[in-house]
Each structure stands twice: as structure tokens, then as C-alpha cells.
Amino acid sequence: MQKMLIEGGHVLNGQVRISGAKNSAVALLPASILANSPVTIEGLPEISDVGTLSDLLEEIGGTVNWEGQTITVNPENMVAMPLPNGKVKKLRASYYFMGAMLGKFKKAVIGLPGGCFLGPRPIDQHIKGFEALGAEVTNEQGAIYLRADELRGARIYLDVVSVGATINIMLAAVKAKGKTVIENAAKEPEIIDVATLLTNMGAKIKGVGTDVIRIEGVPELHGCRHTIIPDRIEAGTYAIAAAAQGKEVIIDNVITNHIEALLAKLREMGVRLEESDEKLLIAPQGPLKSVDIKTLVYPGFPTDLQQPFTSLLTKAGTTGVVTDTIYSARLKHIDELRRMNASIKVEGGSVIVSGPVQMNGAKVKATDLRAGAALIVAGLMANGITEITGVDHIDRGYENITDKLRSLGANIWREEMTEKEIIQFQNS
Ligand SMILES: CC(=O)N[C@H]1[C@@H](OP(=O)(O)OP(=O)(O)OC[C@H]2O[C@@H](n3ccc(=O)[nH]c3=O)[C@H](O)[C@@H]2O)O[C@H](CO)[C@@H](O)[C@@H]1O
Ligand SMILES: C=C(OP(=O)(O)O)C(=O)O
């Protein structure tokens, strides 16, 4: 087990390249199950969630070949192998095996997913969608059993706007008989990316990127080649780090339109930004002004950037209020930031950050993926050394984050933890 160390105070400068989007990758891989011939996906990020899903595809009989960042999944010998335990619990996106296996085999057994603990994360809307398509869904000892004689298109209204439910219902519906309409669908760019792959596989999907998606089922889907979109949350994290501790940082391979809500807030804080084709320059100038943020579904401010943005607010004057309307309990980073000298109050559902304060290095724990990103941003700004445990969470979603930050001038590295440190970490 490793820990991450950061000597704060070094100025970030230079260029960093963004990897393929985690939240696309984790849906594109299960989508390959639906094809009857090999699917090639280019530009996958080297993160542990991708590794885990690739193992799961092999567990159900697929063959997976890697060539650099390009993966080819051959689904021809896949079977409806139950996956009630084990790797499915390591990540959230294993729930996409439900929709994809139901769509392909009309049956699936998948354990309830893991992923970041952000408070309750029900999957009732996924199940409502599967049932509307004609599946019988039961929860038996923590695993979801799905069976259908036949999947039939249906009109499905999502009670909450859900990324996972929108994609999962698309996966189950593309081979169903007849028309499916998903109303109140989510509009995240990753949903468009998955629909693009499915369309290249022969699916008939309209309206993706709006809140009404229409699918006309087809009997067969074939293999294809697809290039993944860049990770807007990774890009946003580097943009926040650059605003916190950068001079002139260029973010390469970014679709700036995908992070417009963040960029608007950075501009309000007084950060100079320049956008060009696939590139974004971040050049903070002078003291930062505090702003308020409220997370919303896309294209609103993303919940996945709320935690790192909270770290940035510690450097701004004078008071910023953060409200997460998607995951109100996504607050585990706050105590750790306080250890580093942040002045943060939690009142009702809001986080009130007072600044500017000088953060100090401390021993802190990443309790989830973006809490880890928040601690890295704080560590880059802090006096002295910050030691972060819980690095496994960070590795679920950030490719080579230590190398990328080092190339920008940060002094960040990893060390193996001693046995005593591992025991302390496990008991904390
Ligand atoms: C793998 C992946 O893509 N993860 C992302 C996805 O998670 P995930 O797909 O799990 O998040 P959802 O969009 O489904 O969740 C949005 C909100 O709806 C609620 N909800 C969701 C489904 C459901 O059946 N019932 C229900 O009540 C959730 O508790 C949450 O409050 O979108 C989140 C919100 O942008 C991001 O933080 C995650 O990074
Ligand atoms: C919450 C996240 O991921 P997951 O849904 O995979 O847990 C995230 O990417 O911030």
C-alpha cells in the first residue's frame, strides 16, 4: 500500500495532457458486451476502475487485448455468468453490467455496486427502467437478479435526473423490441459518448444530450472502433490546481465547453483564462476572490469538482459557500482540510469557507476519489509536507497524477507504507 507526499509551495507551470474520461470508459467497456463482434476503444485512461472492468469482462468469457491505451474487447464467447461478489463491489460502474447483460442475455446477476461513499446512492431508477422494459428484478442477499423472457420498449420517466440510470436503461433498451423513450434523462457528455459508441455498433438512438432520449430497438449490434472523450473532471481538477498554485498552465486535450460552469467560477474569482482548440490556459493574477458554488446536473457545476474547488476557496477572500445539491453528504474532505488549517464551517446543507488562509502540511486521509483530489490541491498550496493515505481511491480516477503534477513543477511522490502505518490507516 502506498501513500502520497507533497512538498507544497512549488509554482505550477507548463502543459499537462488530459486522459480519456473515467465516467465514459466505465460505461463504454460494459457496452461492448452488447456487440456480436470485437469493439475497439481508443484512449482509455490507465486507472484502476478500467482495470477492474476489464477483469470483469474476462470473467464473463470476453477476451480483452490492450495495445497502449487502446483496448479491443471480443464479446463473442461471453456468457451470462453471475457476478454477485468480488470485483463488482470495488466500483460504482459495475452496475452497467446489469443493463448490458440484460440487453444481451435477458438475464444477469450482479452484486450491488461500490464506488465512492457519498451518502446514500440508490439505484431505484435503474431498476424502475429495467422493470418497465419487462424484466423481473429482485434483490437476493445483496445481489440484483434480472430476468426477462423478452425486453419490450417502454416510456420511462426518471424521478431524479441520473447519469447511471440514463446509461443503464439505454444499454438495456438498444436491443429491446420497439420504441423506448427516456424522459427527464441526464445530459452529461459521457452519456453522449456512450450513445455514439452504441450508434456506431448499429443502435438507433435520438435526442441524446437533451432530456428526452428515443431508442428504436434493433435485433443485433456489431463491433466498431470508437475514440473516448477527454475527462472533464480530470481537466477541471488540473484547472483548479493551476488556479491555486499555477503561473501559466496549459491544459491540453480538453473540451472547454464541458467545464463551462467551472470556468465561469474561475473567471469570477479573477483567474485569467484563454481557450483555444482543445487547449486551455490558466494564469491566475493577484489575489483570488471568493465565490459561491452550487452543484447541479450537467451543464451545472459538477459535484465531482465540488471537493477540489473547496480547497481552492481556502486561498480566496473572504467567504465562499459550497452547496452540493446532488450529494449533500459529500463532505468527508472537510475535516481533513481543517487539519491543514482551513477555516470551514458546515451549516445546514452548506459549507462556508473563510479565507484566505495559509494551508499547512499534515497527515491526511483520502476517504474517496475527489476528497483525494481536494487534498492534493490543498497539499500543493500548503507550507511543508502533506502526507495522503487512501491513495487507492485516487487511482480509481486519475491517470499518473503524480507524474503529471511533477511535470508541471510540483514536488509530489509516492512511498510504500510501513506495516505500522497500514495498521493505523486501516483502523482510522
Ligand atoms: C460512474 C459514474 O458515472 N459516476 C458519476 C455518476 O454517478 P451516478 O450515476 O451513481 O450518479 P447519478 O447521476 O445516478 O446520481 C444523481 C442523484 O440521483 C440519485 N439517484 C440516482 C439513481 C437512482 O436510481 N436513484 C437516485 O435517487 C443519487 O443518489 C444522486 O443524488 O454521476 C454522479 C453525478 O454526476 C457523479 O458524481 C459520478 O462521478
Ligand atoms: C463519484 C465518483 O465516482 P463513482 O461514481 O465511480 O464512485 C467520481 O468520479 O467522483
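Each Cβ is built from the backbone N, Cα and C atoms, and glycine gets one as well.
Caution: TrEMBL annotation is automatic and unverified by curators.
Annotation for C116 (active site, proton donor): same-chain Cβ neighbours under 8 Å, separated by at least 6 residues, are R92, D368, L369, R370, H393. In the three-state DSSP reading, C116 (active site, proton donor) counts as coil. Under the heading active site, proton donor, TrEMBL lists C116.
The DSSP secondary structure for K22 (phosphoenolpyruvate binding site) is helix. According to TrEMBL, the feature phosphoenolpyruvate binding site maps to K22, N23.
Around R121 (UDP-N-acetyl-alpha-D-glucosamine binding site), the C-beta neighbours below 8 angstroms that are at least 6 residues distant in the chain are R92, G115, Y327. The annotation UDP-N-acetyl-alpha-D-glucosamine binding site is assigned in TrEMBL to R92, R121, P122, I123, D124, Q125, D304, I326.
The annotation domain 'Enolpyruvate transferase' is assigned in TrEMBL to 7-405.
Positions annotated as 2-(S-cysteinyl)pyruvic acid O-phosphothioketal by TrEMBL: C116.
Between the alpha carbons (Cα) of K22 (phosphoenolpyruvate binding site) and D304 (UDP-N-acetyl-alpha-D-glucosamine binding site) lies a span of roughly 12 Å. Annotated pair D124 (UDP-N-acetyl-alpha-D-glucosamine binding site) and N23 (phosphoenolpyruvate binding site), C-alpha to C-alpha distance, rounded: 20 Å. A sphere of 10 angstroms centred on the C-beta of D304 (UDP-N-acetyl-alpha-D-glucosamine binding site) encloses 24 other C-beta atoms. Taking CA atoms as the reference points, N23 (phosphoenolpyruvate binding site) and I123 (UDP-N-acetyl-alpha-D-glucosamine binding site) are 17 Å apart. Proximity to ligand 2 (Cβ under 6 Å from any of its atoms) holds for these recorded positions out of C116, I123, Q125: C116.
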